Amino acid sequence: MTQVPNRETPRGVAILTRFLASESAGGIVLMAAALAALIVANSPLSAGYFSTLHSVWLGLSVELWINDGLMAIFFLMVGLEIKREVLAGGLATWGQRALPGFAALGGMLVPALIYIAINWGNPQTLSGWAIPAATDIAFALGVLSLLGNRVPTSLKVFLAALAILDDLGAVTIIAFFYSSGLNLPMLAAAFVTLAVLVALNRLNIRRLLPYLLLGALLWFFVLQSGVHATLAGVALALCIPMGKPEEEARSPLLLLEEKMHYWVAFAVVPIFGFANAGVSLSGITLANLIDPVPLGVALGLFVGKQIGVFLAAVLAIRAGLAVLPEGSNWVQLYGVAILCGIGFTMSLFIGNLAFPGSQHLIDEVKVGVLIGSGLAAVAGIVLLRSRFSRH
């Protein structure tokens, strides 16, 4: 396969470097937030923890403000990353997209099939099929960072690109499968607002303020429309102008991405993790762990992800459609495939959408996500550490 040109600009390279660093550190903060949530939820503080999440402010519970509001900012960040990578970064050509693209597709398909197989015949739990289909980029890069600079940058970029494409798949799934009860007037208002945002982009309006104000309005209309409000963040991101490479110093997209990265990595995602990882383990027995939902989620993440990602990558490389990341080998690629089973943030998020109003099933999702992601993190780091220690 021919070598693809590197179209990343110097500032784009700097942003990628900071991105990997902040996501890795943010992943460690997210781990701490998740652990803190588990401790608090199983301590005398649990009553205050859960009552705070369910308390209402301005018509929405604190939990919904986090899941529908703060996570819209997270999805705005995801959208900016996707647009930057596709236009001028590590996904700028079809050759660069090939390996993470095939791997992401396999990594979404196989976990979903495993979950469906385990929950077949149960319409209530079958709606959670997409829960194990996503990779948590912050958590996965955070675990990978524990190996330090022994990990080739190409592997980190592969994992980041795969997770970004995973997020794109998750956004598509949410839009088509987890939006219901549409309010057509509000949906029409959302489309009109989006059309104005597109017009601003076409008119080459480069000031961020008009986009952000209209983005807030778009979020409100989407929230009221029945489509999940976080999709407003992605739609806004796609309207923010990127500009030409020679204009990168004035690129609104790069400027907004730079300003948002640390807030998202060290505030938004950890707050989400703390609010959603808390589950009381007092009523959970070993028998509950093999209930269809936690079993399907855990096996989908731990088994399905590594099989789907690695098998799709192998087939793509063997067929000459992609190449191994530079400086890596098959075992290292397999180790990264295992780490793709860390599905924390997006898996918990989709779990809330799949089982609205069913706290029991949401708690089972949390248990499955924690077990599957934990096993993937431990197995992946053990394999990669043993492999890198030989070099």
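Just so you know, glycine gets a Cβ as well, placed from its N, Cα and C.
Quantities reported herein were computed from a predicted structural model and do not represent experimental measurements.
Here's what Swiss-Prot has on this protein:
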- 25-45: transmembrane segment (TRANSMEM)
- 56-76: transmembrane segment (TRANSMEM)
- 98-118: transmembrane segment (TRANSMEM)
- 128-148: transmembrane segment (TRANSMEM)
- 157-177: transmembrane segment (TRANSMEM)
- 180-200: transmembrane segment (TRANSMEM)
- 208-228: transmembrane segment (TRANSMEM)
- 264-284: transmembrane segment (TRANSMEM)
- 297-317: transmembrane segment (TRANSMEM)
- 335-355: transmembrane segment (TRANSMEM)
- 364-384: transmembrane segment (TRANSMEM)
Within-chain partners of the transmembrane segment (157-177) [C-beta distance under 8 Å, separation at least 6 from its ends]
16, 19-20, 23, 75, 78, 81-82, 85, 90-91, 96-97, 99-101, 103-105, 107-108, 130, 133-137, 140-141, 144, 227-228, 230-231, 234, 309, 325, 328, 333, 336, 339-340, 346, 350, 353
Checking 180-200, 208-228, 364-384 against the transmembrane segment (264-284) for Cβ pairs under 8 Å, the most are found for 364-384
For the transmembrane segment (98-118), out of 25-45, 56-76, 180-200, 208-228, 297-317, most C-beta pairs under 8 A are with 297-317
Please determine whether the transmembrane segment (128-148) and the transmembrane segment (208-228) are in contact (criterion: at least three Cβ-Cβ distances under 8 Å, sequence separation 6 or more).
no
